[in-house]
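*Asks:* Before I ask anything, let me first share the structure, which is written out below as structure tokens.
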Amino acid sequence: GRMWPYTVGFTVLPHVGGFLGWFLNRKEIPAWYEKLKKPSWCPSRKVFPVAWTMLYTGMGYASYLVWNDLGGCSGKAIVPLGLYGAQLVLNWAWPPLFFGARNLNMALVDILCLDGLAIGTLCSWYRINRVAALLLLPYLGWLAMATCLTIRIWKDNPEQKPGKSD
């Protein structure tokens, strides 16, 4: 019965940065993002909040499972939870880079590094808790799409890249 605050805390944590990123950059979406050239397979704006709510909930709960299986913040937890924390920071950094700074170069670098850290997180978690690792699979699938989308927007909107037309 004592574990539910941890379960809730770990599950809610990813939503904090996600919500903050949306809140701080929400005005840039209609003002700037809608005007960018995007591929035909770009998801509707309405899909993103639903997708991220499910993805953040899954990864947050998965992080709780790993933390719990490792007995809390033990020495064994440094790498698996460190990888998770690092990828979460890069996840949270993407909206301010892309929407806030409108820096497609840095947003692309960010998401490519994020992909590597997310894969590393999944690999390190697989040995600890297979359910936790499986809970990351939808996130990795979405990241693959988001990476392809970022690359296409980066390629198709060269005037939006800093240093090209300033």
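Each residue, glycine too, has its Cβ placed from N, Cα and C.
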*Asks:* Given the ranges 46-65, 106-125, which one is assigned the annotation transmembrane segment in TrEMBL?
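*Replies:* Residues 46-65 are the ones TrEMBL records as transmembrane segment.
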*Asks:* Under 8 Å, at least 3 Cβ pairs, sequence separation 6 or more: does that hold for the transmembrane segment (134-154) versus the transmembrane segment (6-25)?
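*Replies:* Answer no: the transmembrane segment (134-154) and the transmembrane segment (6-25) share fewer than 3 Cβ pairs below 8 Å.
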*Asks:* For the transmembrane segment (46-65), find every same-chain residue at least 6 residues outside the stretch whose CB is under 8 Å from a CB in it, and list them.
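*Replies:* Residues 6-7, 9-15, 18, 22, 81, 84, 88, 125, 129, 131-133, 135-136, 138-139, 142 contact the transmembrane segment (46-65) from elsewhere in the chain.
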